[in-house]
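Participant: Annotation comment: Swiss-Prot describes 43-72 as region 'Disordered'. Among the features that Swiss-Prot reports, active site is placed at Cys139, His258, Asp274.
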Amino acid sequence: MDSIHGHYHIQLSNYSAGENLQSATLTEGVIGAHRVKVETALSHSNRQKKLSATIKHNQSSRSMLDRKLTSDGKANQRSSFTFSMIMYRMIHFVLSTRVPAVRESVANYGGNINFKFAQTKGAFLHQIIKHSDTASGVCEALCAHWIWSHAQGQSLFDQLYVGGRKGKFQIDTLYSIKQLQIDGCKADVDQDEVTLDWFKKKGISERMIERHCLLRPVDVTGTTESEGPDQLLNAILDTHGIGYGYKKIYLSGQMSAHAIAAYVNEKSGVTFFDPNFGEFHFSDKEKFRKWFTNSFWENSMYHYPLGVGQRFSVLTFDSKEV
């Protein structure tokens, strides 16, 4: 700035007084213009530096993963952007508006909220929206991991979050959830079979009962469109005389599908997990039935045939740990 002003001031000494006055006015304007340009350039440069510093600060101090790579050296899964990601984000937003109503209703029917979780919003949505095969949701994989964790006497959320509190994700668990969903979405594979294979490796097996002199897995299917959730609830709450059981529940409709899970115990009640709303506990089956029928089924919007309110399938599982 000073060197520019000095340069033009020296040139003025070669002119007469009259010319100097005219030139001085012109020069002052030129100097002013240059000063504005320089100040603008410096201001822009400073803004860029501040923005860059802020981004770096946020990336370092607000990283959502406990470390960059999994224990076996794998990075968090990502894929190229697709426009379907925008559509899924909108669907997640609509579902997320139902979270308050569902959670508030739990206490009204004698239940407790064990953990507030929703794949439809917040930091977890930010993680799954990064890959085209997980952007629509990872309910199947979440339910599988929830059953496995519960069967070990542990909490999925202690394994998913550092310290069991929302904040940083433990990348090993996050990666495992996403990868199970990705594997189930591959062409020429059956997602149910992928999950069953994963369960077997974890010591979780389908419950088998004898039918016509043959052992068959307990797989109850039915409809909910006109009958409501009664048949569905009967299948969820039936422990087949054993007194307990893990349930993986599949709901489907005209345009969508969803998985939820439960652990039913004749003595301790029902622990219910929905990836869209969290983990809830009811001390007995009747409280759970009333809540599910009178509140949850509508508040979740699962009763709409256009969504997931047409058909259901309930699989029962046992664990070596139980």
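Residue numbering: from 1, along the chain as shown.
Including glycine, each Cβ sits where the backbone N, Cα and C put it.
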Participant: Can you give me the same-chain residues 6 or more apart in sequence from Asp274 (active site) with a CB-CB distance under 8 Å?
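Facilitator: Non-local contacts for Asp274 (active site): Val102, Ile260, Ser300.
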Participant: Near Cys139 (active site), which residues of its chain come within a Cβ-Cβ distance under 8 Å, counting only those 6 or more away in sequence?
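Facilitator: The list for Cys139 (active site) reads Gln119, His258, Ala259, Ile260, Pro275, Asn276, given in order along the sequence.
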Participant: Taking DSSP three-state, what's Asp274 (active site) in: helix, strand or coil?
Facilitator: strand
